[in-house]
Amino acid sequence: MSAKELKKNNIIENALKLFSKKGFYNTTIPDIAKAMKMSVGNMYNYFASKEELAKYAIKYSTNILANQLKEINHKQISSKEKIFLFTKQYLENVKNSPEVIEYFLRVYLSNREVFAQGCEGFLCVSEFVTEVMILLDEGAQSGEFREQEFFTAFSMIMGCLGGFAFLSGEKVLDKDLIEYSNSISENIYRALKSDKA
Amino acid sequence: MIRHKPKVVWIQAITCNGNTHSLLSSNYSRFELFLNSFDFFYHPSLTTQNSLEDVFSLKEIDFLLIEGAISSNKEFYSISNNDTLSLLEKLANKSKYIICVGSCASYGGVHAKFEENKQIKGVSDYLISWNLEKIKHPIINLTGCPVHPEWILQTLFSLKQRETIALDENKRPKEIYYGLAHHGCTRNEYFEWKVEAKSFGVKEGCLFYEQGCRAPMTHSNCNRILWNDVNSKTRAGMPCIGCTEFDFPRNNMLETKKNIGIPMDVPLGINKRAYLTLTGVAKTFKIDRLNKKLIE
Ligand code: SF4
Ligand code: SF4
């Protein structure tokens, strides 16, 4: 990665924290610059606008998930095990760097107008969606998962995981997040599995 | 270059006659040129002048064209008291070129799916271990159900002119089968942007996701050398069913096999992960022009 790329990622990591804490509109470029101990002028050398930064940030944060799931997809294990592994990793992400998942829930999903141009549909999250497709496709091919429509299967996984990240962010859970891992995985798996599996 | 008028003998084994029909639909002037350039000595459905006995008494056949699958079982099929295998045996040894016309001759085609007779096979399956005395060229498969008439004529003219022809790993002439049926389809733009045809027979939309079009995985030139010089299946709004490939006929040919909405097979030579990323993105664009009727 070039020095400029590294710096960009660094800015994003700081911006994610601010966005998820204060919201997209309440966070300004000077706020981010301040957190970075950079001049505002210098910030604009990396991102031309807050919108551009927001789009870059959604690619950055979903690519973290995409890479984790890709690695899991490459393992020679059953689809059930893949779901258990991914759920666990996801919850660890939520625990260790909540800003990444929160950004997705609180900014990407709630401020759609920011992403309307240049991030249409799957454009900025496509690598992650592809990995979910591969997970589902291979599970169905091996007969472990039953036939259903892609979007219903997709939302069984993401709805469940997103919902839990939300509950965690609201601090309403009584146990440590990771302790829910097995029962969440079990729920997701049961929603997808074929009757014969 | 073969200077004399080469002798062409066409025999039929276990066949529906489809390739003969196809030959008779060839471009008129091309067919006339063929008749002027070759000695079309025998065809069971066409020639009256020469009989099968005359063919048997020939010393040498330049081009032996075989239509239909082969079986050693007389019960299933015989001509003039010859089962198809012994007919082949008698003629193959005299031939310089052996051309399997159509999928049945090439690998058994639809007949090989008949489970009651496991003996039904393609010509090469039987000839592979034979020592063919006169043969000058590896056996050529012209797959297709039926073959395009121009594929037959082009192969014959090429061999007459150049005496040899490059073959792919399935023994099909590369010059005909190098590309995919998808090349030249008038729906390519719909394919790129994932706009699907709403039904068969319409001009708009691609037939890949919903209707089972196999053209992106099928070697043939149907959309470049058009049928009857004017059309192709996919141009007319019927999906390609992959009739030139060795897995033809498959089950559920008008369906795209999917797993949780994701197509099982993706275009040849493309990594599935990359394909899914690309199409996922392409699908999110709504291009008005491509969602309208072409002619209102
Ligand atoms: S209809 Fe078939 S041949 Fe035509 S573009 Fe679609 S997939 Fe390709
Ligand atoms: S379009 Fe496909 S099914 Fe039709 S003739 Fe060509 S290869 Fe065969």
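Each residue, glycine too, has its Cβ placed from N, Cα and C.
TrEMBL annotations: computationally assigned, not manually curated.
As written in TrEMBL, here are the features:
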- B:Cys16, B:Cys104, B:Cys145: [4Fe-4S] cluster 1 binding site (BINDING)
- B:His182, B:Cys185, B:Cys206, B:Cys213: [4Fe-4S] cluster 2 binding site (BINDING)
- B:Cys222, B:Cys240, B:Cys243: [3Fe-4S] cluster binding site (BINDING)
- B:16-158: domain 'NADH:ubiquinone oxidoreductase-like 20kDa subunit' (DOMAIN)
- B:178-252: domain 'Cytochrome-c3 hydrogenase C-terminal' (DOMAIN)
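In the three-state DSSP assignment, the secondary structure recorded for B:Cys206 ([4Fe-4S] cluster 2 binding site) is strand. Of all the binding-site residues in the list B:Cys16, B:Cys145, B:Cys240, B:Cys243, the shortest Cα-Cα distance to B:His182 ([4Fe-4S] cluster 2 binding site) is found for B:Cys240. Apart from B:Cys16, B:Cys104, B:Cys145, the residues listed for [4Fe-4S] cluster 1, the same chain places the Cβ atoms of B:Thr15, B:Gly18, B:Asn19, B:Gly68, B:Gly102, B:Ser103, B:Gly109, B:Val110, B:His111, B:Pro146 within 8 Å of the centroid of those Cβ atoms. Cα separation, B:Cys145 ([4Fe-4S] cluster 1 binding site) to B:Cys222 ([3Fe-4S] cluster binding site), rounded: 12 Å. Each residue contributes its Cα atom, and for B:Cys243 ([3Fe-4S] cluster binding site) and B:Cys206 ([4Fe-4S] cluster 2 binding site) these two points are 19 Å apart. In this structure, B:Cys145 ([4Fe-4S] cluster 1 binding site) belongs to neither helix nor strand by DSSP; it is coil. Listed in sequence order, the binding-site residues near B:Cys240 ([3Fe-4S] cluster binding site) (C-alpha within 10 Å of its C-alpha) are B:Cys213, out of B:Cys16, B:Cys104, B:Cys206, B:Cys213. Most other Cβ atoms within 10 A: among the binding-site residues B:Cys104, B:Cys206, B:Cys213, B:Cys240, B:Cys243, that distinction falls to B:Cys104. Remark: of the binding-site residues B:Cys16, B:Cys145, B:Cys185, B:Cys222, the most isolated position is B:Cys16 (fewest other Cβ atoms within 10 Å of its Cβ).
The binding-site residues near ligand 2, defined by a Cβ under 6 Å from one of its atoms, are B:Cys222, B:Cys240, B:Cys243, chosen from B:His182, B:Cys206, B:Cys213, B:Cys222, B:Cys240, B:Cys243. Geometry remark: B:Cys222 ([3Fe-4S] cluster binding site) versus B:Cys185 ([4Fe-4S] cluster 2 binding site), CA distance 9 Å.
When the binding-site residues B:Cys185, B:Cys206, B:Cys213 are compared by Cα distance to B:Cys104 ([4Fe-4S] cluster 1 binding site), the shortest distance belongs to B:Cys213. Ligand 1 lies under 6 Å from the Cβ of none of the binding-site residues B:Cys16, B:Cys222, B:Cys243. For the pair B:Cys206 ([4Fe-4S] cluster 2 binding site) and B:Cys16 ([4Fe-4S] cluster 1 binding site), the C-alpha distance works out to 31 angstrom. Counting only the Cα atoms, the space from B:Cys16 ([4Fe-4S] cluster 1 binding site) to B:Cys185 ([4Fe-4S] cluster 2 binding site) is about 28 angstrom.
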